[in-house]
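So that you can see what the record holds, here are the features copied from Swiss-Prot:
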DOMAIN    11-257  domain 'Lon N-terminal'
BINDING   Gly484, Pro485, Pro486, Gly487, Val488, Gly489, Lys490, Thr491  ATP binding site
DOMAIN    727-914  domain 'Lon proteolytic'
ACT_SITE  Ser820  active site
ACT_SITE  Lys863  active site
Amino acid sequence: MGSNSGRTTKLPLVPLPKGSVLLPGITLRIPVSNRPDLANLLSTIVDRSAVAKRDGTAITFGCVPLSSPYLSKDGQRLIDDGSLDEDRREEFDMIDAGQSRKEDLFRHGTIGKVIGIQRRAYSEPALVVQGVQRFTIRRVLKERPFFEAEAVVHDEKVSGDAETVELFQQLRQLSRELLTLLRLSSLLPSPGSRLSPLIARKFELFITKSDVSHASRLADFMADVADSGFEEKLRILASLDVKIRLERVVEILTRQLQSIKSNVKVTTITTNSFPSSGFDINQIDPRDREILARKAMAGLSGLTPPGLSAGRNNDNDDKESNEVDELQQRLQEAQLSPEARKVADKELRRLRKMNPANAEYGVCRTYLENIADIPWTKMTEDQLGPETLKRARKQLDDDHYGLEKIKKRLLEYLAVLRLKQSTNRDVERQIESLSKELEASDGGDLEKEVPVLSETDRVAVETKLHMLKTRRMGDKSPILLLVGPPGVGKTSLARSVASSLGRKFHRISLGGVRDEAEIRGHRRTYVAAMPGLIVSGLKKVGVANPVFLLDEIDKVGGANFQGDPSAAMLEVLDPEQNHTFSDHYINIPIDLSKVLFIATANSLDTIPAPLLDRMETISLSGYTTVEKRHIAKRHLIPKQIRANGLSDGQVVLSDEVIDKIITSYTRESGVRNLERELGSVCRFKAVQFADAGDAGRLDAYNPVVSMDELEEILGIERFEEEIAEKHGRPGVVTGLVAYSTGGQGSILFIEVADMPGNGRVQLTGKLGDVLKESVEVALTWVKAHAFELGLTADPTEDIMKNRSLHVHCPSGAIPKDGPSAGLAHTMGLISLFTGKAVPPSVAMTGEVSLRGKVMPVGGIKEKLIGALRAGVKTVLLPHHNRKDVKDVPQEVSEGLEIVYVTHIWEAIRQVWPDAHWPGQHTHFIESRL
C-alpha cells in the first residue's frame, strides 16, 4: 500500500497545452509562443535563478494540465458522455492554455524542473521540463500575470505489502512484453524507424533493475509510454495512492498489448537473468525517453512521429516533422469547431504515420492547411458604439447620393445588431453569475467554503441557466438582393456597407458560373481538388463575419451535366440552413450565418423562384436627372478632373451644362456613360490648358465650359428633349413617359386627328400592343358617353359614323408601350370631338378602365422630373399614386401642381373647369357595361 505525506508551499503555476500531462520522471516540451503567462512567469523568476544557481538548485514551477469535461476536477469521477452538456463540450474545445482561467485548471499537477530550452529548425522555441513531484492545489492566490497557488506537495512512500509487490511484478512483466514488441524489427517496415539498440538496452535495464521501491516511478514512466488517453493520464496524475496508480497502469498496458496482439501475430519472449540492484531513472537520457514514448504511442505504425527522428543526423526527417508540428500549432490556434477539431485530429494522426514520399501525404497536408486557414470563430468586432448609426449614415451618404431604401434597410440592420449585442451582454452576465454559483457548490471554488446546494435548489439554478442560454440572440445576417439597371451603384454600395460596418469585404463574381463545384468545391478524391468560392472567400478575408458581394447572381448558369450552380446557392442563401453549410472539399459544417450576403442582379426574370424566395429584394430604380446632377457634381467631375491631370478649379461646369449633357448626350439608368462624357469634357479642357501653358498664356485659359462648347466637344446632340407647347390645339395632349432604360422621364405629345371615313382607327408611332389596347379602351369610353359629353344629340347616335381617326405619338423610331397613356388618349379624343384645346401646361398620366376609373401606373418619380424639366405646370395623376410622390425630390414636388383624380370626369373638370357637360352629375351612378 502506498502512502504519501505533504507540505504546504506557495507555487507559481503554468497551465500545460491542451491534451498534455506531465508525470514525475517524464520530460515535456512546453511551447513558449503565444504564452504571455509563461513569459511573465519566467521574467519574474529570472532574478531568483541567479540565487538558485548559487544554491545549487534548479528553476522549478508547477505544471498543471487543463481539466477535462469528461472527468471531475479531482480526477476521481468519470462523467458520462451522454450526460455532458453540449455547451460545456464547446467551451472546453475553445480553451487555450495561455488564456485559461482558474476554473479550467485540474486540481492536481507536477512540479517541473527546467532542464533546457529547445529550438529546432522551422519550429518555435520550447522549454524542456522534467517532472519531479506531485502536488495538489488548495487555493489559487492570483491569476494574472501568471497563476500562483497555495499547494500541498506530496512525498511518496511505497509500502512492501504482498498486494503492492504482486502489482509491481505484473507491471514489470507487461513492460517487458511491450519492449519486446518494440524491438521486433519485422513489425517495422524501414530501418530508419526501428528502435535504437542503445535506447532499447537502457529501457530494458531500467525495467529489470527496478525494485518495489521504484514502483511509483515505473508506473508513471509506463503510463507516459503507453497509448493512454488524456483522461487516463489525468486519473494517474490524481492517483496519490501508489497501489491505485499501479492498478490503473496495469489496466492500460494490458489493453494496449491485447490490441497489438489482435492485429499482429507475436511470439512473446521474456528474459529473467538481470541483476536486481537499484537503478536511477535519470540514467535514461530524457530525449531517449521521449523518442521511446512517441514510438510506443504511434501504435507500432512503422513511422517516426513528427518532431522526432530515429537518427540524430537525419535533417530531412526533422524538417518534415517540424512542418507537421507547425501545422498542429496552426490548427490549435485556429479555434476549430468541435466537428472540425475531431476531423483535424484524425487527419493529423494519419499524417504523422505517413511517409512524406507518399502521394497521399501532400493531399492530407493540403486538406489540413485549408482547415487551419478557415476562420472558424475569428470575427471582426462590429463598431456598435453610441455614434454607430450616425457614422454609418454619413458614410453611406458620402459614398452614394439617393438610394434611400437600401440605406434605410442597412441602418435598420445596424440598429438591430446593436440592440442584440446589448441584450446578450446582460444575459452573459447573468449566466456567468449562475455558473459561478453552481461551480462553487460543486467544490470548484478553491478559495472559500461554499455550502452545497440541495437537489431542489440545484435543479432550479440549472433550469434558470438553461432558460438564460435560450435567451441568447443569434446574429442571423440578412441576405439582400439589390435589383436595378446597370450603373446605379449596386456593387459600390456593398463596399460602402462593409466600410460603414467596419467589416472585411469580398466580391464573388457569379456571372457565367456553370459548374456546381465552383460554389461548393470538389470532392477530395479528385486530383487538385480545392474548396469552392464561398470557403475560398472566407480564407481570403480571414474572419467569419465579412460582407460577401454575390455579383450578377441573375447570370448564374442553369442546370447542366455539371450540376446546377443556382441550386447550390440555395443552402448558402438560406438563413435557416447556412449555419451548417457543407463544402464538398472540407466536408465539415461551416457557419455562414454571420456573413452578410449582398447579391446584385439586373433582372429577376432569370433567378429561380426558390432562390429568389430566400433573399430580401430591394429594387433600385435608375437615377433621375436631378440625382445625376448631384452625383456628377459631388463625385464624377472631381474624379475626372484628377484622372486627367487637372486641379480643382481648372474645369468648371454649371448646372445648365451638366443637365444638357445628361439629357442630350446620355439616356441611361446609371451614370457610366455620363462619366465618360464628363471625361471627354475634362480631356478637352486639359488640351486647352496644356496649349495655353506651352504658349505662355495661362491667363488666357478659360476653365468654364459653356453651352456653345458642348457641341464642339461631344458632337451633335444624340437625344432631343421634348418641350411643352406654348399654344394648345384640339386633339393634342401632353402625356408623360418614363424611358425603359430607367432613370429618366419626359413628356410625350399625343396627337389625334379625324377625317371622313367608315369608323376606322389608325395607330402610328411604333406603338406596342398594350398601348394600342389603351387607345381602344379610351375610344370605347368616349363613344359610350358621347351623349353625356354633349358630342351627340341622341344617346343612340354613333359618334364615329362617317368618321375615321388617326392617333399618332411623335418620335416614331422609339418603341412605346404601356397602359399609362390611357387618360391622355381619352382627353385627346374628347378635345378633338369637342373642339376644346387642352392647356399645354397640363400633362397627365394614368390607365383608364371601361368604367372610367383612373388606375395607378409606374415611373411616377421619373415622369414628374421630366415634366418639370419640360416646362409643365400642372400634372394629373391617379389618386392611388399619391404614395409614390413621397419619393420625388422636394424641388420637383414644389415646382409642380399635382392633382389627383380617380375618374375621367374629375380629369375633365380639372382640364376645362369652366365648361358645362350635360351628364357630368350622373356619371357615378350610370354604367354602360
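Positions of Cβ are set from backbone N, Cα and C atoms, glycine also.
On a predicted model such as this, the values are computed, not experimentally measured, just so you know.
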Fewest neighbouring Cβ atoms within 10 Å: which of the binding-site residues Pro486, Gly489?
-> Pro486
Determine the mean pLDDT over the domain 'Lon proteolytic' (727-914), rounding to the nearest whole number.
-> 88
If the ATP site is taken as the center of the Cβ atoms of Gly484, Pro485, Pro486, Gly487, Val488, Gly489, Lys490, Thr491, which further residues of that chain fall within 8 Å of it by their Cβ?
-> Leu482, Thr600, Asn602, Leu620, Ser669, Gly670
What three-state secondary structure does DSSP assign to Gly487 (ATP binding site)?
-> coil
Among all the protein chains here, how many other CB atoms are within 10 A of the CB of Gly487 (ATP binding site)?
-> 19
What's the CA-CA gap between Thr491 (ATP binding site) and Ser820 (active site) in angstrom, rounded?
-> 32
Please list residues from the chain of Lys863 (active site) whose Cβ is under 8 angstroms from its Cβ, counting only those at least six apart in sequence.
-> Leu736, Val737, Ala738, Gly745, Thr845, Val875
Cβ neighbour count (within 10 Å, all chains shown) around Lys490 (ATP binding site) | 26
Lys490 (ATP binding site) and Ser820 (active site), compared by Cα position, are separated in whole Å by 29
Lys863 (active site): secondary structure state under DSSP, collapsed to three categories = helix
Given the binding-site residues Gly484, Pro485, which one has the fewest other C-beta atoms within 10 angstroms of its C-beta?
-> Pro485
Which residues does Ser820 (active site) neighbour through Cβ under 8 Å, counting only same-chain ones at least six apart?
-> Gly735, Leu736, Val737, Thr845, Gly846, Glu847, Val857, Gly858, Gly859
Where does Ser820 (active site) sit in the DSSP three-state scheme?
-> coil
